[in-house]
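Worksheet for the structure shown next.
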Amino acid sequence: MNFADEIFELRELQRLEGHADRVWGLAWKPATGADGVPAVLASCSGDKTVRVWEQSPLTGSFQCKAVLEETHNRTVRSCAWSPSGKLLATASFDATTAIWEDIGGDFACISTLEGHENEVKSVSWNASGSLLATCGRDKSVWIWEVLPHNEFDCVSVLQGHTQDVKMVQWHPTMDILFSCSYDNTIKIWAEDGDNDDWHCVQTLNESNSGHTSTVWALSFNATGDKMVSCSDDLTIKIWGSDIMRMQSGDGNAPWKHLSTLSGYHDRTIFSVHWSRDGIIASGAADDAIRLFVESEDHLIYKVQKRVYIKRENYY
């Protein structure tokens, strides 16, 4: 679908209410919302709970089907479904990551991952579901291997960042891990094939046209050859890499700065996401969501829509 020359509109379909505090993260369950399978969404909150919402095939409205509680004792900052949709990982300010199993619509906490010194800020599964990554305020990134019988083994603790790590995200097709931090950098991690150690293969920072302040989030396009990041410096940056070189087994294919989008938000940009349809959405502290699409010449990105959100409507 080509949105470059189209004008489209976003409208609110439904407001999901139930959390008693700020909602920090959302995650769509894989393989839902298509082919007659109802869409399923997980949300996590400062109220220490996770809610699972399911869309009714008859009315199209979402209803809360499960509340996951009494496991975390502080804010649940991030949630992520495994690629199969069988497991849900939740990262909390209580320094733990919980793993929940979906058993016929009922959820049971089957494992609790401990190791971070304090708040866990983000959790992410790799494409195959064999690895899990977490990051936190302790400046570290942990990589966990998924073992049989619901066991998880920490295979590496990565200490390259000098400040709070805000987000971890696996590449959509390869076992390459990306982390962004309060230290103004994005770090790219890959496994050393000779000794199975993980190491930083590239750092994106001000010296290579990177951000000049805290990097809050990043996301990939559908093919994985481009990445978008957002920052406290009020910019959105587009990065590109040689996907063919990466797929050939060279995890060191460098990422290069392609474009900087500035002047669209006037307060910190906290969130950015690249949709499967090629639309980039950014959310900021100026109470606005911006939508961008790539021009047909692939050289620039232009804003298509600005959606204002009233602050008093946050949950």
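Even glycines carry a Cβ here, placed using N, Cα and C.
Caution: TrEMBL annotation is automatic and unverified by curators.
According to TrEMBL, the protein has these features:
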REPEAT    16-54  repeat 'WD'
REPEAT    69-101  repeat 'WD'
REPEAT    113-146  repeat 'WD'
REPEAT    158-189  repeat 'WD'
REPEAT    208-239  repeat 'WD'
Under 8 Å Cβ-Cβ from the repeat 'WD' (158-189), and at least six residues away from its ends along the same chain, one finds 121-128, 131, 133-137, 139-143, 198-206, 210-220, 222, 224, 227, 229, 231, 246-247, 251, 255
Residues in the repeat 'WD' (16-54) per DSSP class, helix first, strand next, coil last, are 0 helix, 17 strand, 22 coil
With the cut-off at Cβ under 8 Å and a gap of six or more residues from its ends, the chain residues touching the repeat 'WD' (69-101) are 21, 24-32, 40, 42-46, 48-50, 52, 107-114, 116-125, 127-129, 132, 134, 136, 150, 152
Given the repeat 'WD' (208-239), its same-chain partners at Cβ distance under 8 Å and 6+ residues beyond its ends are 166-167, 169, 171-174, 178, 180-182, 184-186, 246, 255-262, 264-274, 276, 278, 280, 282, 292, 301
Spatial neighbours of the repeat 'WD' (113-146) not adjacent in sequence (6+ beyond its ends, CB under 8 Å) are 74, 77-84, 87, 89-93, 95-99, 152-175, 177, 179, 181, 189, 198
